[in-house]
């Protein structure tokens, strides 16, 4: 099985974003969309990023138009929207697919690591969240209904543990 740090998805400019650079970080991965009822979660995601980035949190957003076609077509439009409307400073990567035959390999890995409610692996909607510990282990998955600020306890717990002692 592939490990988390072996992935190198593409950023908005078409350049690799090597997950190897995320070693010893706590990572929150979110599939996002710009025209969704959950889009205001960007505000709380940015708050988390600003609060915890100096302690080792990285948030990585993957735009996806697979759920209700609620995302811009072009990566530049997505990034401009996120920066202008929500002041987003965390990485927003290239638009992907989360499910199906053309799903991004990162999402295949995440879904195989931790299932959703009732054991369902498929991503159900925008703004599902995966928390990855400092060792690259996917430790928890949260639905779109979970607000980002509700993740503070698990983020703090993982940030307070050295890499070799992660759960």
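Each position is counted from 1, following the chain as shown.
Using N, Cα and C of the backbone, Cβ positions are placed for all residues, glycine too.
The active site, cysteine sulfenic acid (-SOH) intermediate annotation in Swiss-Prot covers 36. Within 10 Å of the C-beta atom of residue 36 (active site, cysteine sulfenic acid (-SOH) intermediate) sit 18 other C-beta atoms, taking all shown protein chains into account.
Residues or ranges marked as disulfide bond in Swiss-Prot (evidence: a curator's inference): 36-82. In this structure, residue 82 (disulfide bond) is part of a helix by DSSP.
In sequence order, 32, 34, 42, 61, 88, 92 make up the list of same-chain residues 6 or more apart from residue 82 (disulfide bond) whose Cβ falls under 8 Å from its Cβ.
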